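Chemist: Have a look at the structure that comes next, please.
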Amino acid sequence: MAIGVKALHLSFVPHALAIAGAVMVLVWCIHFRGGLAWESSNKNLIFNLHPVLMLIGFIILGGEAIMSYKSLPLKKEVKKVIHLVLHATALILGIIGIYTAFKNHNESSIPNLYSVHSWLGIGIITLYGIQWIYGFLIFFYPGGSTGLRSESLPWHVLLGLFVYILAVGNATLGFLEKLTFLENSGLDKYGAEAYLVNFTAIVTVLYGAFVIFTVLSQGPQEDDYSYSAI
């Protein structure tokens, strides 16, 4: 299944959305929420690392990893390495991002894992890690047999997109959860910060959608081995 647009050309849209989303989440956490810190007496600064790392490190880099295998006019082995490294970086930053939420909660005497956002987050990062390990072992090193790779590819692609869609949805849920807490604490529901958070969530959803559209678009002429498997 493919839509009649070249993946390389379509990918410019999510790239632009990625820049917009990254800028917006940084403006929110630094300008409106006071900044970022690994250690601070103001525990909110520790939590601010969470949305930054999860959006830029996990959602955006994860999306770039997915698109790289379909849109880049490079040799298969080069794209495989780019795909693998970007996903590994997204996974590592995602784990750190989740850790910062636990760190903030523990140092602020806030219970952990009390919301559907946190439950889904643990499940998603676990599935993402399993997906990466399986892909590394089967498609990179030591590598499975030709038959195993051929049979595994459609499922690897399908599960990868499923996990990514879950991640984008859960990120949106996270924005909603945090904004609800802030509004219950007195934040103006129609103020600049509330609008910024809502628009950041919308940009995140649009970015995820265009990542999927890029996967479903036409790859380079010589590319017959990647996401066309679905």
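Here the Cβ of each residue, glycine as well, is placed from N, Cα and C on the backbone.
As annotated by TrEMBL, transmembrane segment applies to 12-33, 45-69, 81-99, 119-141, 153-175, 195-216. Taken from TrEMBL, the feature domain 'Cytochrome b561' covers 13-216.
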Chemist: Using a Cβ distance cut-off of under 8 Å, indicate which of 12-33, 45-69, 81-99 has the most pairs with the transmembrane segment (195-216).
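Modeler: Looking at each of 12-33, 45-69, 81-99 in turn, the most contacts to the transmembrane segment (195-216) are made by 12-33.
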Chemist: For the transmembrane segment (12-33), what are the same-chain contacts with Cβ under 8 Å, counting residues 6+ beyond its ends?
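Modeler: For the transmembrane segment (12-33), the list is 44-45, 48-49, 51-52, 55-56, 59-60, 63-64, 67, 192-193, 196-197, 199-200, 203-204, 206-207, 210-211, 214.
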Chemist: With Cβ-Cβ distances below 8 Å as the criterion, list the same-chain residues six or more beyond the ends of the transmembrane segment (81-99) that contact it, or say none.
Modeler: 49-50, 52-54, 56-58, 61-62, 64-66, 68-69, 72, 74, 121-122, 125, 128-129, 132, 135-136, 140
Chemist: Could you tell me the mean pLDDT the prediction assigns to the domain 'Cytochrome b561' (13-216)?
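Modeler: Mean pLDDT, the domain 'Cytochrome b561' (13-216): 97.
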